[in-house]
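Colleague: From Swiss-Prot, here are the annotated features:
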ACT_SITE  397  active site, proton acceptor
BINDING   284, 285, 286, 287, 288, 289, 290, 291, 292, 306  ATP binding site
DOMAIN    89-150  domain 'SH3'
DOMAIN    156-253  domain 'SH2'
DOMAIN    278-531  domain 'Protein kinase'
LIPID     2  N-myristoyl glycine
LIPID     3  S-palmitoyl cysteine
LIPID     6  S-palmitoyl cysteine
MOD_RES   427  phosphotyrosine
MOD_RES   538  phosphotyrosine
């Protein structure tokens, strides 16, 4: 099995894994446990830029050069660096982790398990490859493959996956007790975390996390009494017996298909596409400035298409802004794929099957959601906005209508940055029905001063939409009354069945002084640990 006894337990003594953030998440926690503030990121401090994107917030952090890769940032390729030969001869072989259907004549279709020789890996997210099964050559998405016999090729290995996202995936409907995954440790370089779905009478379904440490000799262990040469051997050992874990490992967590950041290798750099390459199939929504459709690109790739009414915005300004939007890449932001920049403007993005969060809460599955799910959705939005905050960008129109929902209650932010470009007179005057007064911070509504802190105000309003299942903010008040009353210090009361601790967070978002409002980094940390802040992050095994 690869398990060896520790020769010097003192030399590899287990350290205390407990810290202030939590790992054991589930439906059994009571509402309203507040995290201890000192354990969270700076409440209202500003972030530092991490990519060369124009600074809309007057931050002074130095931008990192465009070639630098940051976690969750510009580059999304799983495998980086030069492909090396083994033993000086041959090439490293890669294996497909998923099925893929070619989208263009340049792509290569393949099936899970197929092996490849990589011809050229200089195109970033798309590699030129030769299939050893069919002999065919073409471009393949690099995040669909991994080196043969590597841990990246294992079904249970999820790489850079955060604790909260691991819990989200493991707690998805249909996963039995013992469903597991291994991911990179967020806190310890070179270490890993084992996350397991568990169940008991008190907590119901929940997730436990165990730290996998690395020996100086290269082996791995959870407890010093059971050490392994490889992660594969560790998994095999705990598949056969619990050996101090909450339960034995039963089945790897299902991996969803990875998101592609481009439609194809050609649209990676040339992403203005012909209108005739798009087919509008089903209208999903109709707004003041256009429509949203489910459609296809090239007849084979499902996408969402936002069509804008002529005159809504300048094509030149839109294209300039889209250049920036295309560089924003985060798993909680709807990915921009391509545009048709001649009027009527088309914006092509990834498709989210459950529609807008507003409709989902009012008329869809969201009506039955309980507070833990709602807080988790808020945490996802805060996570996407924390990325926008780090990139020194601004949304300007953050509300539930501009959040999209996918499978497993995944939430992604849409329409970031577009509000700045709208040329409608009634909208630009920040008056009348077209402008979202009830979501807008007073300094932005009255004086046009939009910053990331005005987005924080809007996020506080979005929180009320979540806990009230899509109720319009400030019920019974019109826009003029809202402006007047908010300027006089009025703030919405705590909604029915909303914990006072969550309402207090809303009130912090609505501070009159914008600089006193929390950062999105803080909001994300607070909400992710809302029910779990008093628990240890990692579980010790029984008698370990």
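The backbone N, Cα and C atoms fix where each Cβ goes, and this holds for glycine too.
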Colleague: Long-range same-chain neighbours of residue 286 (ATP binding site), Cβ under 8 Å, sequence gap at least 6?
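Modeller: Once residues fewer than 6 apart are set aside, residue 286 (ATP binding site) is near 292.
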Colleague: Enumerate same-chain residues with a sequence separation of six or more from residue 290 (ATP binding site) and a Cβ-Cβ distance below 8 A; give 'none' if the list is empty.
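Modeller: Expected: 306, 307, 308, 309, 312, 344.
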Colleague: List every residue in the same chain as residue 284 (ATP binding site), at least 6 positions away in sequence, whose Cβ is under 8 Å from its Cβ.
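Modeller: Once residues fewer than 6 apart are set aside, residue 284 (ATP binding site) is near 292, 293, 294, 304, 355.
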Colleague: DSSP three-state call for residue 292 (ATP binding site): helix, strand or coil?
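Modeller: DSSP assigns residue 292 (ATP binding site) to strand.
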Colleague: How many other Cβ atoms are found within 10 Å of the Cβ atom of the residue listed as 'active site, proton acceptor', counting all protein chains shown?
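Modeller: Neighbour count, Cβ to Cβ under the 10 Å cut-off: 22.
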Colleague: Quick one: what's DSSP say for residue 286 (ATP binding site), helix, strand or coil?
Modeller: strand
Colleague: Hey, does DSSP put residue 397 (active site, proton acceptor) in a helix, a strand, or just coil?
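Modeller: In the DSSP reduction, residue 397 (active site, proton acceptor) maps to coil.
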Colleague: Please give the average pLDDT for the domain 'Protein kinase' (278-531) in this predicted model.
Modeller: 90
